[in-house]
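Quick one: structure below, then a few questions.
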Amino acid sequence: MRKRKGSADHDSSFTATLTDGSSDLKQCHKGTDADTDPGGSGKEMGRRCRRGGLMWRLRRILIWLLGIYIAIPVIIKVCPSIQAKLVFLNFVRVPYFIDLKRPQDQGMNHTHNFYLQPEEGINIGVWHTVPAGMWREAQAKDAEWYEKSFQSSHPVILYLHGNAGTRGGDHRVQLYKVLSSLGYHVVTFDYRGWGDSEGSPSERGMTSDALFLYQWIKQRIGPKPLYIWGHSLGTGVATNLVRRLCDRGTPPDALILESPFTNIREEAKSHPFSMVYRYLPGFDWFFLDAISANDIRFASDENVNHISCPVLILHAEDDTVVPFQLGKKLYDLAAQSKSLNGHKVQFIPFSSSLGYRHKFIYKSPQLPNILSDFLRAPHPHG
């Protein structure tokens, strides 16, 4: 009986131990669950912290961008000379590694580089490209030969380039080649402050340089036709120049405007650079008045009322730098000009599908026919 009682006590003790063990296991599981919950909460808090940090960084970036956005017009208003640099972009030299003294490096083997002095202390770089038919004869010739070549029967085009770059810019060189192949002498130059020309840029200085070159050419070609071709900002210089010549009673034989605008204020307002500020209250006061403060106008819309020679306007519909509508508006003004009454005024649009944009009209296979039709003369090939 004692054994059975002992056995019962042992069983009871074992059961109690097992029960206690189960209780401990339960406590262990509870502990594990408790440990798991805080871990999940920690991860969630970590994710929230990371999201909060990211949002804070984004807020800081937005604040910086807003500060810059506000600061730029204020800086330009306080320092209007900055706006002049943005109009001229003469400090942008593309391609940079080009020796303007060696036009042959650009494939211009019938081009002579030289320098002229429109006023004391200012030397400007000039290129003279002879007609392609004179290419062989032009090889290794000196300045005297090139100057005498003006005595040929070929007409001359004075080319006035736009802002940025130099007279050696690729799209400009390609146009010289096209015009040379059509039998024209092409004379082009870098305004003061551009390329290897001395001095600082200004509208008055650019126009004076163009007038000096025109007179220099005219003295050497006699009665032969002399046409003025302006591109982009160069159209503003061209209309300034032609207005002066017409006021003197000595108009050029024709004026060709490629991708022109009406005036610099309208062009600046339409330029892609102004897109982020165009609808800002006070845009004119901050940006456009800063241009006027530098005495920069390029008022072609006013100049056409004083021009008395044939005018041809070329403009691509997909031009994003000088919008097509500005060229069309200038044409409409020119067509109504009393001073142009009796002179041919023609507007040639180029479809967007052609992809000529701002500076590739030279690629048009129709360009030779357009020029010969406008100038009322066949091209002087050879």
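Our numbering is plain: 1 for the first residue shown, then up by one each step along the chain.
Using the three backbone atoms N, Cα and C, a Cβ is placed for every residue, glycine included.
Source: prediction; values computed, not measured.
Straight from Swiss-Prot, here's the annotation block:
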ACT_SITE  Ser232  active site, nucleophile
ACT_SITE  Asp319  active site, charge relay system
ACT_SITE  His358  active site, charge relay system
COMPBIAS  1-12  compositional bias 'Basic and acidic residues'
CARBOHYD  Asn109  N-linked glycosylation site
TOPO_DOM  1-60  topological domain 'Cytoplasmic'
TOPO_DOM  82-382  topological domain 'Extracellular'
TRANSMEM  61-81  transmembrane segment
Relative to the Cα of His358 (active site, charge relay system), which of the recorded positions Asn109, Ser232, Asp319 have a Cα no more than 10 Å away?
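Qualifying among Asn109, Ser232, Asp319: Ser232, Asp319.
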Round to the nearest Å and give the CA-to-CA distance linking Asp319 (active site, charge relay system) with Ser232 (active site, nucleophile).
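Per the Cα atoms, Asp319 (active site, charge relay system) and Ser232 (active site, nucleophile) stand 11 Å apart.
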Under a criterion of Cβ-Cβ distance under 8 Å and sequence separation of at least 6, what residues of the same chain contact the residue listed as 'active site, nucleophile'?
His161, Gly162, Asn163, Glu258, Ser259, Pro260, Val321, Val322, His358, Lys359
Tally every other Cβ atom lying within 10 Å of the Cβ atom of His358 (active site, charge relay system).
18
Around Asp319 (active site, charge relay system), how many other C-beta atoms are within 10 angstroms of its C-beta?
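There are 23 such Cβ atoms around Asp319 (active site, charge relay system).
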When you measure from the Cβ of Asn109 (N-linked glycosylation site), how many other Cβ atoms are you left with inside 10 Å?
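Excluding its own Cβ, the number within 10 Å is 14.
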How would DSSP class the residue listed as 'N-linked glycosylation site' in three states?
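Once the DSSP labels are grouped into three classes, the residue listed as 'N-linked glycosylation site' ends up as coil.
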